[in-house]
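Take this structure first; my questions come after.
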Amino acid sequence: MLESKTRFFSYTISIFLASGVVNPITLSLLSKDPLILMLSHYSLFTSGAILGYFGFRGNVWRPIAYTGLIPPVLFHLPVLFVYSALYPTWTLADYTSMLLGGFLLGAGLKRMRILEKITIFVLYMIGDTLLAVLLVLGYPVYSPPLVQFSPFTTGQFYGVAYVMFLIMNSVLFGVIGYVFKKLLS
């Protein structure tokens, strides 16, 4: 009974996260506000990871699970990030790969050793921190002159960076809380 409740809750959360970003309103704002695109990446990857971890009954071979890390890296490269904001075909590829990447990683977490999980977590924290610091410092990662055709200005990314820090800290505190709970039980 508990497993079915957990599964239902995980499906509900995943659908909520995905529908929050895959709807006509948010899709129409992609080329105007980079925060929408960044939040959609977090939401879709998390949605896929929850579905993979709680919803997938089988086991995913660890090297296949690692391929789930490719979409977040690829679609945060400057040109692909901007393409995803501007062109619906790229948005579809971005969103689909984020969801699938999260699913693969989530489904593979059960078979990973603790060192692998820690390494993935640390690399995520380093990557997001470096990107957020560059954005706070005003480096034009996703805007002209680095990406000439970008509709975004450097100033639009200050808020994005602060939200990234907020999300990273929330994830960090969640992981620390989980570790302490495991240690105390």
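A Cβ is built for glycine as well, from the same backbone N, Cα and C atoms used for every other residue.
Pulled the feature table from TrEMBL, pasting it below:
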- 9-30: transmembrane segment (TRANSMEM)
- 36-56: transmembrane segment (TRANSMEM)
- 63-86: transmembrane segment (TRANSMEM)
- 92-109: transmembrane segment (TRANSMEM)
- 121-142: transmembrane segment (TRANSMEM)
- 157-180: transmembrane segment (TRANSMEM)
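What's the neighbourhood like for these features in this structure?
Proximity of distant same-chain residues to the transmembrane segment (9-30), defined by a Cβ-Cβ separation under 8 Å and at least 6 residues beyond the stretch ends, is recorded for 36-37, 39-40, 43-44, 46-48, 50-51, 53-55, 84-86, 88, 91, 95, 99.
Long-range contacts of the transmembrane segment (36-56) within the same chain: residues 6-7, 10-11, 13-15, 17-18, 20-22, 26, 29-30, 68, 71-72, 75-76, 81, 84-85, 94-95, 98-110, 160, 163-164, 167, each at least 6 residues beyond the stretch ends and with a Cβ under 8 Å from a Cβ of the stretch.
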